[in-house]
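K.L.:
The structure's right below; bear with me while I get my questions together.
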Amino acid sequence: MDTSRVRMLLSLLALLQLVAAGSPPRPDTMPRGCPSYCHCELDGRMLLRVDCSDLGLSELPSNLSVFTSYLDLSMNNISQLPASLLHRLRFLEELRLAGNALTHIPKGAFAGLHSLKVLMLQNNQLRQVPEEALQNLRSLQSLRLDANHISYVPPSCFSGLHSLRHLWLDDNALTDVPVQAFRSLSALQAMTLALNKIHHIADHAFGNLSSLVVLHLHNNRIHSLGKKCFDGLHSLETLDLNYNNLDEFPTAIKTLSNLKELGFHSNNIRSIPERAFVGNPSLITIHFYDNPIQFVGISAFQHLPELRTLTLNGASQITEFPDLTGTATLESLTLTGAKISSLPQTVCDQLPNLQVLDLSYNLLEDLPSLSGCQKLQKIDLRHNEIYEIKGGTFQQLFNLRSLNLARNKIAIIHPNAFSTLPSLIKLDLSSNLLSSFPVTGLHGLTHLKLTGNRALQSLIPSANFPELKIIEMPYAYQCCAFGGCENVYKIPNQWNKDDSSSVDDLRKKDAGLFQVQDERDLEDFLLDFEEDLKVLHSVQCSPPPGPFKPCEHLFGSWLIRIGVWTTAVLALSCNALVAFTVFRTPLYISSIKLLIGVIAVVDILMGVSSAILAVVDTFTFGSFAQHGAWWEGGIGCQIVGFLSIFASESSVFLLTLAALERGFSVKCSSKFEMKAPLSSLKAIILLCVLLALTIATVPLLGGSEYNASPLCLPLPFGEPSTTGYMVALVLLNSLCFLIMTIAYTRLYCSLEKGELENLWDCSMVKHTALLLFTNCILYCPVAFLSFSSLLNLTFISPEVIKFILLVIVPLPACLNPLLYIVFNPHFKEDMGSLGKQTRFWTRAKHPSLLSINSDDVEKRSCDSTQALVSFTHASIAYDLPSDSGSSPAYPMTESCHLSSVAFVPCL
């Protein structure tokens, strides 16, 4: 019986049933034969679409209309299909049973469904293809059996499916290709066997599938292919062998003369032989990246006149550029992750139609002229070894729109290298060795990246880039030329505190300003408004300038400027005076005065660092952007940062040592015990200095945080390493202050309990306590700033942060000597002794005066000797040297003063 007679018979039967059942359903009433729990709608005048999906059904509805053309029973709990239950649905064209619990489909389950075209059985529990249930569905065009547990396909299960076009068998448990079952599918056009467990494809596996156009075999375990496994696939255009275990190039593809798209990436293929695609002249696209390819035949890609795209990523052993003779239509070439060191001079002769060239992550050192590739639109050469861009390399590439030369070693670019690129809009030269940048011919650029070129410190005029929208520069100061000055950051606060507000909101706000600005000319006000809008729409330049990357002034405010100058002058002058009075004679210095003198020396270094910053601010006043990159990246900034951290940490460590020394000294004097020798103290001082030196060196070794800003200090925000460094310093210094506080608390508690009846050097104990209190108070803002940064607290304004870093941090170096000069009587005594010594040496130049004073000096020496003898333990309490026989002029003068000093309690 032919097809026309079958159709006539079906139409006659349908007409008879229609007459028996009455008139067809009306649109305004519930269609007859629609289950109450399903959703139904008319499909034309007579047919019905029934949707019973996701209702938790455990069996098929029994009262379905014979005119049902579409039935969706997916996402239910149906586990059985009774035989002949659906045989009445002669007009059914699409049946969906996906997402159920079917484990078996009996013979006759689909009997009578002569109009069925689409059958969906995916996401069930089938372990094999139904052996007889699918037979003789002559109208079936699409069959989905994917996402089951099918491991067996009976040889005759697809018998009679002469109209089947699409077959899904992916995501199952097949271990081989069911050759016998496919022999009856001569009309099949697309089939997927992906996501199975197939290990091998035998010869003639698809021998009778002459109409097959698309074949997916990806994500299997295929490790070998029969040399004739693809024989008979005369119409195949797409072959997907990706994500398998192939060890050898699939030479079986040579019989696929109509193949257009081939993919075998993510395998274990190590070589591509010569003339590998000689039998595939219709190839348009090849994907075989992510293979450990070590060898590619020079002629592997020759004579592929239809090839449009060639992608080969990760072929790490390729050292030569392939010969592409006869592949003149290639439009996109990607050869990344290889070891190609040079390009042939004839590359553009072979590829005149090339539009995209990606040779990134190679070892290219030199580039030939690419002027013959007139159609090039995109070139990607990042991560190579290119040193120089010559004048003729990119000449006359009128269609080139994107050029990526990032992460090379480019140090030289010819002034006219980009002069004939009128269509170029994106240029990436980041992370190179550029010290200059040619701007000729780049008027059309919209995106420019120059970040990472630390030697490129000069400003680039914005007038050369009228179309620029996004630019990335090595230094924030270079963004000042593109409207990125500090006043730009004030505009959002002036006009709108909400960043999401629109320009219309700005205009509404301006409308209210006219009433309060009667004295201003309307035209001038509108002009100012338009200028502000231009600023708001300025070029997006990064890194943006700001308070810590200023365009005009290093210090910003006059308060900071005056504070830095005052701190620097006082720190240098006062510490120099203290150090001079302490170290004016090298013969003998008491332990506490030695510590005060060393603290004064390191505080001088802090004054030097502040003075250098003040001088830089003065010389760059109003034009810091022109010198900011030079200063920030230079050795001077590193020296300033190193001196600042070294001086700050040394001062804290030495102050801690002074507090401990005072406590230990008081303990020894109260018990008349011998103190530790001065050499031990000097060794500890040296250890403190070495520790501070190590701490100050860490930023130089760990990425040079000193160059992070023109302030030359590790900022307590930004990079995690810098924040961690600052927090570690705060914790270490806090520990030092805690130790000092505990030591002095114990000392004063002992004094209150009367454990010490007398204390000789009361002034030094009080002075050290004053230093401790002052330094601790001044360190609190620094500690708070560091911890607030760690906790991402952003309520502290940048000006306050700059004030803390530039004024508060070096302030102890200024106050320490002032406290000693103003409040400590030892300074007055030292100055008096210095005056006496000066007069003594002045008289020594005159013999008459010397003879007159010799008797007086001798008398004083005797008096001082008597004083020393009367106090048997004076050498212990006074920190006198063990050798008291020496009697130089100055020490004897100072020792004479000791006879008049009595032991008094320090209360």
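All positions are counted from 1 along the displayed chain.
The backbone N, Cα and C atoms fix where each Cβ goes, glycine too.
Per Swiss-Prot, repeat 'LRR 1' is recorded for 44-64. The annotation repeat 'LRR 4' is assigned in Swiss-Prot to 114-136. Summarising the annotation, Swiss-Prot assigns repeat 'LRR 17' to 422-444. What Swiss-Prot records for 22-561, 617-638, 704-723, 797-802 is topological domain 'Extracellular'. The topological domain 'Cytoplasmic' annotation in Swiss-Prot covers 583-595, 660-682, 745-775, 824-907 and is backed by sequence analysis.
Show me how these features fit into the structure around them.
P.N.:
Helix, strand and coil counts from DSSP across the repeat 'LRR 1' (44-64) read 0 helix, 5 strand, 16 coil.
Helix, strand and coil residue tallies for the repeat 'LRR 4' (114-136), in that order: 0 helix, 4 strand, 19 coil [DSSP].
Beyond the ends of the repeat 'LRR 17' (422-444), by six or more residues, the same chain brings 377, 382, 398-411, 413-416, 450-453, 455-458, 460-461, 464-467, 472 to within a C-beta distance below 8 angstroms of the stretch.
Along the topological domain 'Extracellular' (22-561), the predicted structure has mean pLDDT 86.
The topological domain 'Extracellular' (617-638): residue composition by secondary structure is 16 helix, 0 strand, 6 coil, according to DSSP.
Per DSSP, the topological domain 'Extracellular' (704-723) is made up of 8 helix, 0 strand, 12 coil.
Under 8 Å from some Cβ of the topological domain 'Extracellular' (797-802) lie the Cβ atoms of residues 546-548, 555-557, 560, 711, 715-716, 785, all in the same chain and six or more residues away from its ends.
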K.L.:
I'd like the per-state residue tally for the topological domain 'Extracellular' (797-802) from DSSP, helix first, then strand, then coil.
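P.N.:
Grouping H, G, I as helix and E, B as strand yields 5 helix, 0 strand, 1 coil.
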K.L.:
Counting only residues 6+ away from its ends, which parts of the chain sit with a Cβ under 8 Å from the topological domain 'Extracellular' (617-638)?
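P.N.:
Those are 454, 457-459, 474-478, 480-481, 485, 545, 549-555, 561, 564, 700, 704, 706-707, 709-710, 712, in sequence order.
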K.L.:
Which bits of the chain, at least 6 residues beyond where the topological domain 'Extracellular' (704-723) starts or stops, bring a Cβ under 8 A of a Cβ in it?
P.N.:
548-550, 554, 609, 613, 616, 624, 628, 631-633, 637-638, 640-642, 644-645, 785-786, 788-790, 801-802, 805-806, 809
K.L.:
Let's see if you can do this one: DSSP helix, strand and coil counts over the repeat 'LRR 17' (422-444), in that order.
P.N.:
0 helix, 3 strand, 20 coil
